[in-house]
Amino acid sequence: MAIILQVALDFVDLHRAINVARESLDGGADWLEIGTPLIKSEGMNAIRHFRKLFPRTTLIADMKTMDAGRAEMEMAAKAGADIAVVMADAPDSTIKECIEAGKNYGIKICVDCINDFNIEDRAVAIEKWGATYVGVHAAIDDQMYGKTPFNSLRRISDKIRIPIAVAGGITSENAVDAVNAGASIIIVGGYITKSENVKAAAESIKRSIRENQKIPTTFFKRATHEGVRQALEKLSTANVSDGSHRAKGITELYPLYQNIKIIGNAVTVRTYPGDWAKPVEAIDVAKEGDVIVVDAGGVGPAVWGELATHSAMQKKISGVVVWGAMRDVAEIRKLKFPAFTKMIMPTAGEPKGFGEINIPVYVSGIRVNPGDWILGDDDGLMVIPQSSADVWINYGMDCLEKENRIREEIASEKSSLGKVIDVLKWEKE
Ligand SMILES: O=C(CO)[C@H](O)[C@H](O)COP(=O)(O)O
């Protein structure tokens with residue numbers, strides 16, 4: 001079987017899905033998948049629409065069926081799908097019902113192994129029951145934790161003879177790995193559907209498969225703990241907040257200049273009003289790339305100034321955040337040292353040595369632990385827990401990628417945000 005490129009249209013709006021479908025086909029996509037979000041949002045009418053618009057294209061209904069297999073396959077078939085998807089986690093009876101219904105209504109069945117249960121035995125049973133395809137799949141949420149479908153693929157590729165579909169974070173960089181590991185249907189969602197140039201993205205997957213080579217991509221890759229800093233360079237604080245269920249950022253602190261960016265692990269300092277000893281000592285504790293976060297109680301006198309800034313720059317520290325006051329700001333601005341402060345004043349305090357370094361502190365009510373990632377820009381500051389930074393960042397990247405696509409749709413369709421995302425449709429009744 002020739003390698004198939006199946007584009008997963010995981011949209012909630014029909015018009016966006018249709019535009020992306022057209023562009024994907026122009027780029028060489030073979031099959032179109034009516035994604036689960038589209039089916040949930042528009043029902044079987046989504047499939048009917050696609051059938052009418054694309055009469056000769058193979059359409060997959062990603063029903064993700066878990067029960068009542070016969071009824072769901074019948075609906076998908078009657079709406080015009082060629083293939084429908086049931087979950088491998090569903091009861092055996094449901095999968096068998098789907099396969100039987102498929103024979104009755106002239107629709108092929110793909111069984112999606114989205115979870116890591118005993119996948120070898122399950123795939124063999126699914127083949128024996130008569131499914132046409134087996135899918136291996138890293139769920140979108142699992143992708144944020146670094147999961148890929150490749151391990152599952154390797155586990156079953158020599159156990160079954162029916163074609164294997166692979167999904168979950170496939171890009172032009174790894175599509176070829178999927179083919180070489182035994183997949184014959186390459187399902188691509190975000191890499192194509194969130195791309196600013198859908199046609200070019202589809203073409204790049206086809207080319208990577210044809211030429212058996214990896215084509216590098218900047219977006220649509222998920223970060224590991226080692227890649228956090230690099231990923232944060234692409235993200236805004238707004239992306240990170242959106243990605244983490246609108247997590248609260250630090251408010252009441254202001255950047256000393258515009259177009260600012262701070263990225264680094266926190267070296268925390270608790271000090272007392274005007275006592276600049278611990279902030280200065282923290283410069284010697286911090287490593288290159290760290291951010292010094294000072295809790296001075298949100299009041300003056302100043303605990304940070306020009307000389308501290310010069311020392312921090314010598315050590316290549318990434319920036320400073322002061323829940324209190326700073327001075328010499330004209331000089332700090334000239335040095336372009338990333339700094340956020342609550343207050344600016346000429347008066348400094350005395351170095352008394354009260355307080356601690358590298359203990360949990362609170363900045364404007366937000367807890368900062370030593371080592372937490374700090375991301376700052378013109379919108380403010382986000383504190384990202386160190387232990388789950390990869391997940392926060394991956395969800396943030398997902399938001400950034402979606403926005404990149406929406407921006408492109410507003411421009412190319414000379415449209416508005418409200419129209420592109422059909423905002424009225426989603427208002428509460
Ligand atoms: O079925 C899906 C989610 O359950 C997606 O369609 C599938 O994962 C492909 O999307 P992506 O390439 O963005 O992972």
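The backbone N, Cα and C atoms fix where each Cβ goes, and this holds for glycine too.
Per TrEMBL, the features are as follows:
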type: BINDING; residues: Gly305, Glu306, Leu307, Ala308, Arg327; note: substrate binding site
type: BINDING; residues: Asp328; note: Mg(2+) binding site
type: DOMAIN; residues: 4-205; note: domain 'Orotidine 5'-phosphate decarboxylase'
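Ranking the binding-site residues Leu307, Ala308 by how many other Cβ atoms lie within 10 angstroms of each Cβ puts Leu307 at the bottom.
When the neighbouring Cβ atoms lying within 10 Å are counted for each of the binding-site residues (Glu306, Asp328), the highest count belongs to Asp328. Sequence-distant neighbours of Gly305 (substrate binding site) (same chain, six or more apart, CB under 8 Å from its CB) are Trp276, Met326, Arg327, Asp328, Ile332, Ala348, listed in sequence order. Excluding the listed site residues Gly305, Glu306, Leu307, Ala308, Arg327, the same chain places Ala302, Trp304, Thr309, His310, Met326, Asp328, Glu331, Ile332, Ala348 with Cβ atoms within 8 Å of the centre of the substrate site Cβ atoms. When pLDDT is averaged over the domain 'Orotidine 5'-phosphate decarboxylase' (4-205), the result is 97. According to its DSSP assignment, Glu306 (substrate binding site) is helical.
The substrate-binding residues named in the record, Gly305, Glu306, Leu307, Ala308, Arg327, extend over a maximum Cα to Cα distance of 11 Å.
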